[in-house]
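Quick look at what Swiss-Prot annotates:
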{"type": "DOMAIN", "residues": "29-120", "note": "domain 'Fibronectin type-III 1'"}
{"type": "CARBOHYD", "residues": "N32", "note": "N-linked glycosylation site"}
{"type": "CARBOHYD", "residues": "N128", "note": "N-linked glycosylation site"}
{"type": "DISULFID", "residues": "C131-C152", "note": "disulfide bond"}
{"type": "DISULFID", "residues": "C179-C193", "note": "disulfide bond"}
{"type": "CARBOHYD", "residues": "N213", "note": "N-linked glycosylation site"}
{"type": "DOMAIN", "residues": "238-331", "note": "domain 'Fibronectin type-III 2'"}
{"type": "CARBOHYD", "residues": "N241", "note": "N-linked glycosylation site"}
{"type": "DISULFID", "residues": "C266-C313", "note": "disulfide bond"}
{"type": "TRANSMEM", "residues": "340-361", "note": "transmembrane segment"}
{"type": "MOTIF", "residues": "367-375", "note": "motif 'Box 1 motif'"}
Amino acid sequence: MVPVLLILVGALATLQADLLNHKKFLLLPPVNFTIKATGLAQVLLHWDPNPDQEQRHVDLEYHVKINAPQEDEYDTRKTESKCVTPLHEGFAASVRTILKSSHTTLASSWVSAELKAPPGSPGTSVTNLTCTTHTVVSSHTHLRPYQVSLRCTWLVGKDAPEDTQYFLYYRFGVLTEKCQEYSRDALNRNTACWFPRTFINSKGFEQLAVHINGSSKRAAIKPFDQLFSPLAIDQVNPPRNVTVEIESNSLYIQWEKPLSAFPDHCFNYELKIYNTKNGHIQKEKLIANKFISKIDDVSTYSIQVRAAVSSPCRMPGRWGEWSQPIYVGKERKSLVEWHLIVLPTAACFVLLIFSLICRVCHLWTRLFPPVPAPKSNIKDLPVVTEYEKPSNETKIEVVHCVEEVGFEVMGNSTF
C-alpha cells in the first residue's frame, strides 16, 4: 500500500511540474471576493474559486495579502479566512490563486476588496486606552471557581465636544459585552470602565478586542479599536496569608500563592526585606513559598512579597502587585548609642541637682565668701563748697576744708 501512495504522490508532483512548465496552462483569480465585519475588530474574508479555471486534478492554493491597517500575507487552501485587527481605520486585502511546485510557483492576478473606515470627525476618538485584568473569585464557584475582572481607562479626544459621551465594549472569542459601570470626568464624560467579572480566560492565547464609540449633538464621534494580549495586561494578585515569625536572630517568612486559576507550581516570587533603621533593602527571587533570613535584634523590618506566572504554565508575564507590608522587630539603641545619650544626660542632671542644693543651702556663700571692700575715711570728711559770683572774664570756685578733731587739715585749693 505504501509504495502505491508514494507512486501517486510522485505522479502528482510530476503532473504539477509539467503544468507549471506548460505555457498554455493559465491560473485564474478567485471570484466573489468579499470582506465582512463579523464582530468587534474582526472580519471574514471570503471568495470562490474561478468557475472557468481548468481542472487538471491539481491542488490549488490561495495567497492572501492584507494591505491595511497593517500589512501581512499568508497562504491557505481554504476559500475563507478570519482576521482579527482594529477596524477604525478601515480594512483592505487582496487574494490570488497559486500553484506551487518544488521549483517554482505559478500565480494568478490579484483581486481586491476593502472595508471603509467608519465615519467620524478627526480628533474625536479616545486616546491613551489602557486595560488591566485581575483574577477574582467567581460568583458560581461550583462551575468556575475563578473569573477575570477588567478595567480600562482612556483620555477624551482633543477635538471632542464637551457633550461627548463614550461607550465601551469588549470581545473575547465569540462573546461580546457592554460596559455598565463607568467613571466620569468633571464634564460628566465617561473616562474609565469597570467589569467586576468577564468571560476572559487568563490562560487563553486569544486576543482581547476593546471597542469604544461615542455620541454628541455637535459632531460625529469616531470609534476606536484596540487589541490586547491577556498575558500582557494580566495583573497578578499579591500572595496571600503572608506570615512572619522571629526566633532568636532568624526571620521566618511564609506565604500562599495568589488568587489565581494557575496551580502552585506556576509562580515565581520576589521577596523584599526592608530595614527601616538603616534603609537597607534585601531582595530575593524565589520558587518556593518560604524563606529564612538572618537579622539583628535592634531594627524593625518591613516584609513584602509579589508573584509572577512562570514559563512552564504560560509565557512569562510581568510582576504582580506587592503584598501589604508586615512590620516585625523592635528598634532598639545599641550600647554605644546608649552611652552617647545617657552619659551626657546624667552629667547634666547631676550638675543641675548640685546647683540647686548649693542655692538652697547657701553653699556658694560659705565656700566662696565675698571679699570686703577697703574702708575709705575720705568719705567721712564734710565738704563745704562756696561759690562767688564771677566777673565776666573769670569764674572762681573756693573750697574750704574744715578740720575736725582728730583729723589733719588737708588744705585749701583755689581754681
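A Cβ is built for glycine as well, from the same backbone N, Cα and C atoms used for every other residue.
Taking the C-alpha positions, the distance from N32 (N-linked glycosylation site) to C131 (disulfide bond) comes to 39 Å. Nearest to C193 (disulfide bond) in space, judged by Cα atoms and limited to the recorded positions C152, N213, C266, C313, is C152. When pLDDT is averaged over the domain 'Fibronectin type-III 2' (238-331), the result is 92.
For the glycosylation sites N32, N128, N213, the greatest number of Cβ atoms within 10 Å around a candidate Cβ is found at N213. Nearest neighbour of N128 (N-linked glycosylation site) by Cα distance, taken over the recorded positions C179, N213, N241, C266: N213. Here the Cα atom of C266 (disulfide bond) is found 27 Å from that of C152 (disulfide bond).
Here the domain 'Fibronectin type-III 2' (238-331) is broken down by DSSP into helix, strand and coil counts: 3 helix, 47 strand, 44 coil. Here N241 (N-linked glycosylation site) is compared against the recorded positions C131, C152, C179, N213, C313, and the shortest C-alpha distance is to C313. When the Cα of N213 (N-linked glycosylation site) is compared against those of the disulfide-bonded residues C131, C152, C313, the shortest separation belongs to C152.
C131 (disulfide bond) is 13 Å away from C179 (disulfide bond) when you measure Cα to Cα. Taking CA atoms as the reference points, C131 (disulfide bond) and C313 (disulfide bond) are 23 Å apart. In this structure, the disulfide-bonded residues under consideration are C179, C313, and the one with the smallest number of other Cβ atoms within 10 Å of its Cβ is C313.
For the pair formed by C152 (disulfide bond) and C313 (disulfide bond), distance between Cα atoms is given as 26 Å, rounded to the nearest Å.
There are 24 other CB atoms within 10 A of the CB of C193 (disulfide bond), with all protein chains counted.
Ranked by Cβ neighbours within 10 A across all protein chains shown, the disulfide-bonded residues C152, C266 are led by C152.
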